[in-house]
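Undergrad: Pulled these from TrEMBL:
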- C523, C526, C563, C566: Zn(2+) 1 binding site (BINDING)
- C532, C535, C550, C553: Zn(2+) 2 binding site (BINDING)
- 290-456: domain 'Helicase ATP-binding' (DOMAIN)
- 558-709: domain 'Helicase C-terminal' (DOMAIN)
- 444-470: region 'Disordered' (REGION)
Amino acid sequence: MIAKVIVDVPSRQTDRPFDYEVPPAMQDWIEVGSRVGVPFGGRVLQGFVIGFAETAGIDAARIKPLSELLDPVPPLLPDLIELAEWISDKYCCSWIAALQAMIPAALKGKAQRLISLNPDEAEEGDGLTSLLPVELADWLAKQGQAKLETVQERFPQHAAAVKMALREGVLLEQASIRDRLAVRKVLTVFPPHDRAAAEEALAAFPVRAAKQRELLAFMLERGEPMPLAVMLAEAGGSPASVRSLVDKGLLGLREVEQQRDPYAGREFRHTEPLPLMEGQQAVYERIAASVSRGEPQALLLHGVTGSGKTEVYLQSIQHCLELGKQAIVLVPEISLTPQMVERFKGRFGDAVAVLHSRLSNGERYDEWRKIRSRRVQVAIGARSAIFAPFERIGLIIIDEEHESSYKQEESPKYHARDVAVKRARQHGAAVVLGSATPSLESFAAASRPPAPGRESGLLPMPNRVGDRPMPPVDVIDMRAELLEGNRSMFSRRLHAALAERLERGEQSVLLLNRRGYSTFVMCRSCGYTAACTHCDISLTYHQKTRALRCHYCGHAELAPKNCPSCESEHIRYFGTGTQKVEEELAKLFPGIRVIRMDVDTTTEKNAHEKLLKQFGDREADVLLGTQMVAKGLDFPFVTLVGVIAADTSLNLPDFRAAERTFQLLTQVAGRAGRHHLPGEVVVQTYTPEHYAILTAQHHDYAAFIREELKHRGVMGYPPFCRLVLVTMSHEQLAQLSSVSEQFASRLRELAAAEGVLDSLDSGSKRALEVLGPVSSPISRMKDRYRFQVVIKYRGNIDVPALLRKATAPFLEGPAQKQVLFSIDVDPQVIL
Ligand SMILES: Nc1ncnc2c1ncn2[C@@H]1O[C@H](COP(=O)(O)OP(=O)(O)OP(=O)(O)O)[C@@H](O)[C@H]1O
Ligand SMILES: [Zn+2]
Ligand SMILES: [Zn+2]
């Protein structure tokens, strides 16, 4: 039997299955999806079995056997193996990158070398003594096997001897894959099997073994297993006395697996389904019907903020579970707040696994295993939870589907929304995309006329729960404020509104719209900004260490006291601004209680959670923050939302700038007046006439879409076409420039040969344009220059195939000479 294995080597040449023989002993265990160790180029590497064959594709004599099978139950399922191939094809990444993205970090095995004495040599004896120092030989004999690293650490003086012994075969070397993290095991004491016998023994114990006697009596009384450490702490005594009781067969002692549960000890109040509102009911029925049919279908739930989307999700999942199927819920990392977790745990209790990046690798691994071993039926998590190893998925929900964080920025550069649709096709599952501000792409797709006999995939919920009104939005022109002599960062309107809230004991949310780099250093005399010497990007200031750090390459230096360019002392650190707002608030409203939420205050684990809890418990008057405060929060006493500057995100060089601004304003405005108290919103801006701001003011998604679609159409951007960004990098500018020119013209030739090279304005159904090469917006990173080519296309064109052909000639030759190609299909940002 031959196994086809994708091996963990990140190179284009090896991005294909390799054949290995399956040793007879493994044959009953191995499956598609198994993780194996394989000999590869003199080492043992990790790989994944993607299929089997009767005979090998190459000369049978050259086939090597698999070295080891790493898990009794394969971590991946056949549908995920198929999905990995699809991802590698669609997003132009290696298979191994796609496969690695699907398993928890704990399973990303690490090769290790084990050293042991050669038993044949040991018998003869003389080989050992002549070659190996006695202390090392004795130690190894006792250990049986030891890691090479440990030997090196313990016996640094014997390096030469070890090497010689290995060469002479006195020592044996074995490579093996070790998981980065194992299941956590706890040494546990078990009470006597045979109670009667134990009681008899207890009576007969000799006096001098008083401690053993005491421990046995203690365990007899307890009658249930307990961790050794706990037992010793409670009953006193030593491990030795436990050990003798175990040797006498009176107690048991075994390692027991312990689950790392990030939510251990937390009570989630159980909730019952709420009677649905009319709008919710209609949408719920459509989703439930789709789940019942068991055919793949994508639905867009367009529900305004506060329309009760979460309750619809919960009841749809309930329906899915009743059919014996499983559900995946994706939420943006940033809104995976305790509130969200609570809602799901409260309804489904232990049937829920939670996967997010703030978990430790161990906690993540254990949550993942709950899914794999069918102990839970619902997985909720950020982007990568789309790979939850469920076997019968009935429903996939993507909340806040417009969020750009669903696209992974590093390889594999997949979009969780598209992967969800593919996975739903494999399982016959329904995909529900939910948002108050759907992305243009999703909205355009759902608005297409449905196939005959099919219903539209667009599910609207235009009203808030209980028909609460949307909060009125006041747009304040900050230019006018300045003209009238108000130089403060607060308009008179926002100032008055805040004062009112303080008086009434209600709460406010303040958003400082700021994207990108939190803090940078600028000289106010000459305009010098501190930039990384390896990358073409400003350095970020870290207050704690007083260091300037590069976001891309990690380069760090001490912050200068004088300007390196003009020696002026007027060199300043420009913060996120939240700190400044906080100071200003304290000045204007003495005694005001502010919770600041930004990158600086949320670095610690659970900080986010703690701050929100404080705010929810009304320990503060104002929640002030960046984008983090805009999403998903549902606090009944928030009646005012203020946006300090709406324009920042509008001015970014990004074709989605208007869309992002509209989404952000709509989302944050939606935090106000969600319960009985009415809310209001104040938006400060320098461009009050911009359609993104005007339409957000009137909660008018349809008007925004109309306007934005016009712009996209004129400029030739998605959803009217699709984009692929190819970034090339090299240390030498000349080399890069010439290769990128060659690449672009080769790409044009290939497209022309396919008959698709055409202007997008041409009106033809299939058209592809190649723009560039030009220098990337970040023109240098980690000492490598960067050029980019943007491909715009429309219609059914196999662009990944074109790209594979176009890049092929540049991937040969020695690696250091090669220009690196990085391909981003459907990029979120063009940087
Ligand atoms: N059928 C219902 N009856 C009573 N209250 C409900 C019902 N459905 C939802 N709610 C309540 O309405 C509030 C808003 O619901 P939810 O947070 O789900 O809105 P949402 O649509 O997700 O909004 P956003 O997009 O702003 O997050 C919540 O407090 C929720 O408990
Ligand atoms: Zn200067
Ligand atoms: Zn750098």
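Cβ coordinates come from backbone N, Cα and C, glycine included.
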Undergrad: Residue list, the region 'Disordered' (444-470) vs rest of chain: Cβ under 8 Å, 6 or more residues beyond ends.
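TA: Result: 277, 279-280, 282-283, 286-287, 297-309, 312, 433, 438, 669-670, 673-675, 678, 699, 709, 719.
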Undergrad: With the Cβ under 6 Å from ligand 3 as the test, give me the qualifying entries from the binding-site residues C523, C532, C535.
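TA: List returned for ligand 3: C532, C535.
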Undergrad: Can you count the other CB atoms that lie within 10 A of the CB of C532 (Zn(2+) 2 binding site)?
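TA: The answer is 24.
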Undergrad: Can you break down the region 'Disordered' (444-470) into helix, strand and coil residue counts using DSSP?
TA: 7 helix, 4 strand, 16 coil
Undergrad: If you count CB neighbours within 10 Å, which one among the binding-site residues C523, C535, C550, C553, C566 has the smallest count?
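TA: Among the binding-site residues C523, C535, C550, C553, C566, the lowest count of other Cβ atoms within 10 Å belongs to C566.
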Undergrad: For the binding-site residues listed here (C526, C563), tell me which residue's CB has the most neighbouring CB atoms inside 10 Å.
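TA: Of the binding-site residues C526, C563, the highest Cβ count within 10 Å belongs to C563.
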Undergrad: Which of the binding-site residues C532, C550, C553 has its Cα nearest to the Cα of C526 (Zn(2+) 1 binding site)?
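TA: Checked the binding-site residues C532, C550, C553; minimum Cα distance to C526 (Zn(2+) 1 binding site) goes to C532.
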Undergrad: Name the secondary structure element type, per DSSP in three states, that contains C566 (Zn(2+) 1 binding site).
TA: coil
Undergrad: Please report the Cα separation of C535 (Zn(2+) 2 binding site) and C523 (Zn(2+) 1 binding site) in Å, rounded to an integer.
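TA: Between the alpha carbons of C535 (Zn(2+) 2 binding site) and C523 (Zn(2+) 1 binding site) there are 20 Å.
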Undergrad: Of the binding-site residues C532, C550, C553, which one has its Cα closest to the Cα of C566 (Zn(2+) 1 binding site)?
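TA: When the Cα distances are compared, C532 comes out closest.
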Undergrad: Work out how many Å separate C553 (Zn(2+) 2 binding site) and C523 (Zn(2+) 1 binding site) at their Cα atoms, rounded off.
TA: 23
Undergrad: Taking the centroid of the Cβ atoms of C523, C526, C563, C566 as the Zn(2+) 1 site, which other residues of that chain lie with their Cβ within 8 Å of it, listed in sequence order?
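TA: Near the Zn(2+) 1 site, beyond C523, C526, C563, C566, sit R524, S525, G527, Y528, P564, S565, E567, S568, H570, I571.
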